[in-house]
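> Mind looking over this structure? Questions follow.
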Amino acid sequence: MRVQKAPIAVKVNGYTCKDTTQVTPQDFYFQGLATAGAASNTSTGAIVIGATVEKLPGLNTLGLSMSRIDYAPNGLNPPHVHPRASEIIYVLEGQLYYVGFVTTAGKLVAKHINKGEVFVLPKGLLHFQKNVAKSAPASVIAAFDSQLPGTQSLVCSLFGALPEDILVKSFRFKPKQVKKIKSKYQPKK
């Protein structure tokens, strides 16, 4: 009796490649960017909806992904880094008073951008975006040169992970101040 071997899943970039006979249009389709997110329900007034390889399998090996970022009035996408991708943002609605990044030399490169304009954020550099309007929301589409750009939040990474003594010495804060800040950014379990 001959035993048939189970098919071996081939992974590329950490994600399984589908057998070509199993590919469907749904592997290449994502409707999640069509509708604005509830930015006013977040603590920062911004919400990011990603279209990465995790939600759109057809992106595997293509080196592309997108996000929609919606901002409540005065909303902020806090300082963060994409370790695996450069980003270009296009303003769909509203305006961003301050969109920018910090160079490795510590220089702030920032600009006010309006509907229809774009701004480039280089790979691995700390960056942020802020909606200027006090009463109007804003929305952008961000494109990345990676199927999974990764996001590392500066504040969450620092205050959620580093030991208190490191933070006290680095920021010259009092231990009590560090404890208070750290309590807001403990990692999810």
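Any Cβ shown, glycine's included, is placed from N, Cα and C.
Got these off TrEMBL a minute ago, pasting:
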type	residues	note
BINDING	N77, H82, E87	oxalate binding site
BINDING	H80, H82, E87, H127	Mn(2+) binding site
DOMAIN	31-179	domain 'Cupin type-1'
> When neighbour density is defined as the number of other C-beta atoms within 10 angstroms of a residue's C-beta, which of the binding-site residues H80, H82, H127 has the lowest density?
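Among the binding-site residues H80, H82, H127, the lowest count of other Cβ atoms within 10 Å belongs to H80.
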> Look up N77 (oxalate binding site) in the DSSP assignment and reduce it to helix, strand or coil.
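It is in a strand.
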> In Å, rounded, how far does the Cα of E87 (oxalate binding site) sit from the Cα of H127 (Mn(2+) binding site)?
10
> Which ones in the same chain are close to N77 (oxalate binding site), with CB under 8 Å and 6+ residues apart in sequence?
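In sequence order, the residues whose Cβ lies under 8 Å from that of N77 (oxalate binding site) (at least 6 apart) are T44, A46, V48, I69, Y71, F128, Q129, K130.
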> Could you tell me the C-alpha distance between H82 (oxalate binding site) and H127 (Mn(2+) binding site) in angstrom, no decimals?
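Their Cα atoms are separated by 9 Å.
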> Using DSSP with the three-state reduction, classify E87 (oxalate binding site) as helix, strand or coil.
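In the DSSP reduction, E87 (oxalate binding site) maps to strand.
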> I'd like the Cβ neighbour count for E87 (oxalate binding site), meaning other Cβ atoms within 10 Å of its Cβ, all protein chains included.
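If we count other Cβ atoms within 10 Å of E87 (oxalate binding site), we arrive at 22.
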> So what's the average pLDDT for the domain 'Cupin type-1' (31-179)?
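Mean pLDDT for the domain 'Cupin type-1' (31-179): 95.
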